[in-house]
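Working notes, beginning with the structure itself.
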Amino acid sequence: MAFELKPLPYAYDALEPYIDATTMQLHHDKHHAAYVNNLNAAIEKYSDLQSMSVEDLVTHLDRVPEDVRTTVRNNAGGHVNHTMFWEIMGANGSGAPTGAISEAINNSFGSFDAFKQQFNDAGTKRFGSGWVWLVRSQQGDLQILSTPNQDSPLIEGHTPIMGNDVWEHAYYLKYQNRRPEYLNAWWNVLNWEEINRRFDAAMSGH
């Protein structure tokens, strides 16, 4: 198998009370697992695709045969998006950024509160299923954007630094139709050390 589902880096209940254990278990063990399984099935007969990283797959969809391109776009996107999602959260999350990303957010958006409001607004306004992101754009600046379905910012040449899943499966058991409430609660579980690591890598081009 080319791709594997990594275990969650913390217990299912580690993000309580903001994200419940049942949601985490279903989200990781069922939804994310399905993306990995579907991706592996799609590339089973393409050994060259199996040797690519998931990031390379979504960055270079033009290299993917047309008969499996949409399946790879959806499921490789789901895999790379969720892998980041788990890693940028943690049991000892903090609501306020630390380190270099804090200064960069202030410089780009005026303040953390202004950034948070713009980020939450973008997530609230994403129609249907999708994601909201902070990215290093192709031009090198920080931008907030949202993508539909499981599309990764990598498809458009942007480097994701952090992202929140606004598919209903990410929050519906606890928040039902109250997506803005979920978006606001999510800030309490962020692992800013990991986000800083991704920020440094994005800004240095790695």
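Glycine is treated like the rest: Cβ placed from N, Cα and C.
Here the structure is a predicted model, which means the values were calculated and not measured.
According to Swiss-Prot, the features are:
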{"type": "BINDING", "residues": "His27, His82, Asp165, His169", "note": "Mn(2+) binding site"}
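Around His27 (Mn(2+) binding site), a 10 Å sphere centred on its CB holds 23 further CB atoms from the protein chains shown.
With a cut-off of 8 Å between CB atoms and residues at least 6 apart in sequence, the same chain places Thr23, Leu26, His27, His31 near His169 (Mn(2+) binding site), listed in sequence order. Listed in sequence order, His27, His28, His31, His32, Tyr35, Asp165 are the same-chain residues six or more apart from His82 (Mn(2+) binding site) with CB atoms under 8 A from its CB. Cβ-based neighbour count (10 Å, all protein chains) for Asp165 (Mn(2+) binding site) stands at 23.
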